[in-house]
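Novice: Straight from TrEMBL, here's the annotation block:
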- B:1-22: region 'Disordered' (REGION)
- B:36-56: transmembrane segment (TRANSMEM)
- B:68-88: transmembrane segment (TRANSMEM)
- B:95-112: transmembrane segment (TRANSMEM)
- B:118-140: transmembrane segment (TRANSMEM)
- B:147-165: transmembrane segment (TRANSMEM)
- B:185-209: transmembrane segment (TRANSMEM)
- B:221-244: transmembrane segment (TRANSMEM)
- B:250-268: transmembrane segment (TRANSMEM)
- B:299-320: transmembrane segment (TRANSMEM)
- B:332-350: transmembrane segment (TRANSMEM)
- B:357-376: transmembrane segment (TRANSMEM)
- B:382-399: transmembrane segment (TRANSMEM)
Amino acid sequence: MTATETATTTPLLELRGVSKSFGAVQALSGVDFDIHAGEVVGLVGDNGAGKSTLVKVMSGIHLPDAGHYLFEGRERKVSGPNDPYAFGVATVYQDLALCDNLDVVANLFIGREEISRGPAALIRELDEPEMEKQAGELLRTFSINIPSLRAEVGTMSGGQRQSIAIARSLVGDARVVLLDEPTAALGVAQTAQVLALVRRLREQGLGVVVISHNLADVFEVCDRIYVMRLGRKAGVYQAADSTPEEIVGAITGGRGTVRTQAAAAAAQAGDDGEEATR
Amino acid sequence: MSTTAAPETQPTPSPPSREPSGGRFGFMQRFGAGELGSLQVIVALIVIWTVFTIANDRFLTATNLVNLSLQIAGIGLISVGVVMVLLLGEIDLSVGIVSGLCAAVMAVLNVQHGWDPYLAIAAGLAVGAAIGIFQGTVVVAFGIPSFVVTLAGLIGWQGALLWVLGDTGTVNLTDPKIIGLAGTFYGGTTAWIMGAVVVGLFALACLNARRRRLKAGVPAATPLVVALRVAGVALVTAVVIAVLTDDRGVPLAILILIGAVVLFDYIVRRTRFGRHVLAVGGNEEAARRAGIHVRRVRVAVFMVAGTMAACGGIVLASRLLAVNQGSGGSDLLLLAIAGPVIAGTSLFGGRGTVWSALLGALVIGSISNGMDLLAFPSSTKNMVTGAVLLAAVIVDATARKRRRQSGRV
């Protein structure tokens with residue numbers, strides 16, 4: 001997706017002038033954000049820069065003090081996490097929120113189980129065959145490899161668990177998926193596995209927001225990169241036309257001109273990470 | 001005795017993952033780590049039965065096995081409720097005394113107030129349910145650990161039991177319908193017809209599950225597997241009926257227990273409510289984020305525990321022919337919790353099966369029964385039962401630790 005295309009189509013999800021404060025702390029001030037179908041947007045920033053708050057506004061956990069929430073070009077009223085979920089914004093939290101004691105199918109459908117038809121519906125009997133069928137189709141669509149649909153999630157690797165957590169967000173016809181640190185705590189191979197899944201989400205026409213500390217991952221998978229700094233949008237970069245140094249500069253406030261030692265070191269670390277994954 | 005239906009699903013063949021899965025233990029390792037639950041306890045049961053049969057040739061007689069089934073019915077029913085609470089990751093220390101209190105309510109209403117026996121039984125069950133709802137509500141409303149709330153219940157309901165029984169302290173049961181709960185036996189043709197119906201229903205359920213899975217296009221059990229399963233259940237049923245009808249017949253009490261186990265096993269594995277119980281027990285935060293009404297599930301499970309405690313208490317009273325101040329006391333509570341834990345239900349929530357209520361009661365009942373036959377004193381009985389429980393808990397904790405170490409909590 002090129003920059004011109006981005007500019008002409010209606011964003012799937014758009015925030016305009018969003019502000020949010022917690023007591024005396026201004027966590028977000030006048031932030032604009034948009035993401036299009038088939039686009040992966042990175043959201044980076046230092047600790048406390050406001051990226052988590054921004055994502056929580058998108059997922060409906062935080063209600064902004066001011067600003068507009070648009071989905072598919074229409075202004076939406078969001079009064080809790082159920083609203084964005086209902087119109088198609090799903091969140092995958094860093095701690096995954098999987099039930100290790102349940103199998104893959106059960107985890108994919110937790111909280112929105114399919115119920116059998118007929119008299120068994122009265123006692124809310126689970127329609128296991130239907131759930132297993134849908135689960136199989138979903139995992140095939142996104143080429144997610146797991147040993148068995150009926151294996152306990154607790155027996156699986158971090159990459160598989162992350163994939164299942166992402167797949168779960170897709171069960172309810174999500175259009176935009178918010179991923180909170182999807183590659184934190186994953187090894188190199190597992191990170192590659194999850195990033196490949198993010199690309200497949202893009203191919204299927206979903207919008208994916210990736211919050212990450214790892215610039216190597218962000219550059220590997222994202223089309224655009226939003227940099228947050230002190231509750232404001234410090235810049236939006238086309239990943240193809242920018243360098244990790246520029247991003248680090250924006251994150252630290254150096255803007256690529258005054259490169260502090262820390263920024264340089266961080267950039268170096270980012271480069272190293274990038275090489276490691278390749 | 002085990003008619004545990006194996007999960008109806010076959011592992012879906014899928015391309016081997018490129019990374020190590022981290023959790024593939026060999027059969028023996030998993031067995032040692034206590035991850036094969038029911039199978040392990042059946043082996044333990046065979047060992048126990050073999051030892052007692054060698055020690056005393058009366059152990060494996062029809063008469064003694066009928067006695068054993070009567071001995072475990074009441075405690076097994078209480079354990080069914082305990083399993084539900086354990087699956088949730090909670091504990092209910094009041095189930096013992098609640099069983100006594102509810103039996104007392106039933107007895108007093110029936111004997112002293114002349115209530116219809118069925119109404120009196122319903123009232124006893126209702127009191128159990130109400131106590132469960134009350135305790136569950138306190139747990140969720142104030143966020144107090146269930147351990148403490150039900151400990152208060154343990155003491156408080158003991159007082160209520162004494163109050164209900166009044167000055168005499170003992171109510172003798174005479175109503176034939178109430179006594180019949182533990183005193184009815186189905187022998188001969190009746191037992192065989194019931195057995196045939198059970199096996200027939202099981203076969204229908206298996207075929208129906210297979211039909212639905214094929215219709216949905218997901219892997220289903222092959223006809224051979226279905227046939228083997230039905231044959232296994234038929235064999236176990238036939239052996240049990242043959243042995244029990246050799247004496248007085250199949251006790252109604254054990255049928256009530258098996259019925260309750262089958263019902264709650266179905267609820268846990270096949271209904272949305274059961275799935276939500278397992279989800280809350282596995283990861284409460286995940287369950288809450290998934291939109292599950294965690295509090296409602298909690299209260300409902302405590303209600304089940306109270307109701308099943310009442311059910312067990314009523315069967316125990318029926319067998320004793322009386323309710324007295326000691327009803328529901330002594331080691332009843334501890335054995336009702338120990339049983340499912342011995343049979344593989346985790347104290348840490350989310351893992352276990354309702355069948356562990358029956359299997360655990362069988363293990364504990366067999367030890368107790370066998371030692372009685374050998375005329376061992378209570379001191380020895382208690383120490384051995386304690387050692388078995390300790391071993392089971394250690395196995396549970398070890399399994400949990402291994403899961404942790406292999407990266408699975």
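Glycine residues also receive a Cβ, built from the backbone N, Cα and C atoms like all the rest.
Let's see these features in context: how buried, what's close, how far.
Specialist: Below 8 angstroms of C-beta separation, residues 2, 4, 27, 30, 342-345, 352-353, 355-356, 359-360, 362-363, 366-367, 369-370, 373-374, 395 of the same chain, each at least six residues beyond the ends of the transmembrane segment (B:36-56), sit close to that stretch.
Sequence-distant neighbours of the transmembrane segment (B:95-112) (same chain, 6+ residues past either end, Cβ-Cβ under 8 Å): 74, 78, 81-82, 119-121, 123-125, 127-128, 131-132, 150, 153-154, 157-158, 160-161, 164-166, 171-175, 178, 305-306, 308-310, 312-314, 316-317, 322-323, 326-329, 332-334, 336-337.
Counting residues 6+ beyond its ends, the transmembrane segment (B:118-140) has Cβ neighbours under 8 Å at 90, 92, 94, 98-99, 101-103, 105-107, 109-110, 146, 149-150, 153, 157, 177-178, 294-295, 298-311, 313-314 in the same chain.
Same-chain residues lying 6+ beyond the ends of the transmembrane segment (B:185-209) with a Cβ under 8 Å from its Cβ atoms: 3, 5, 8, 66, 220-221, 226, 229-230, 233-234, 237-238, 241, 244-245, 248-252, 255.
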Novice: Which sequence positions outside the transmembrane segment (B:299-320), separated from its termini by at least 6 residues, show Cβ-Cβ distances below 8 Å to it?
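Specialist: Sequence-distant neighbours of the transmembrane segment (B:299-320): 70, 73-82, 84-85, 87-88, 90, 92, 94-96, 98-103, 106-107, 121, 124-125, 127-133, 135-137, 139-140, 146, 173, 178-183, 253, 256, 260, 264, 273, 277, 327-328, 332, 336.
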Novice: In the same chain, who gets a Cβ under 8 Å from the transmembrane segment (B:250-268) while lying at least 6 residues past its ends?
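Specialist: Distant Cβ neighbours of the transmembrane segment (B:250-268) are 3, 5, 66, 69-70, 72-74, 76-77, 80, 83-84, 87, 180-182, 184-187, 191, 194, 240-241, 244, 274, 277-278, 304, 308, 311, 315, 318-319, 353-355, 357-358, 361.
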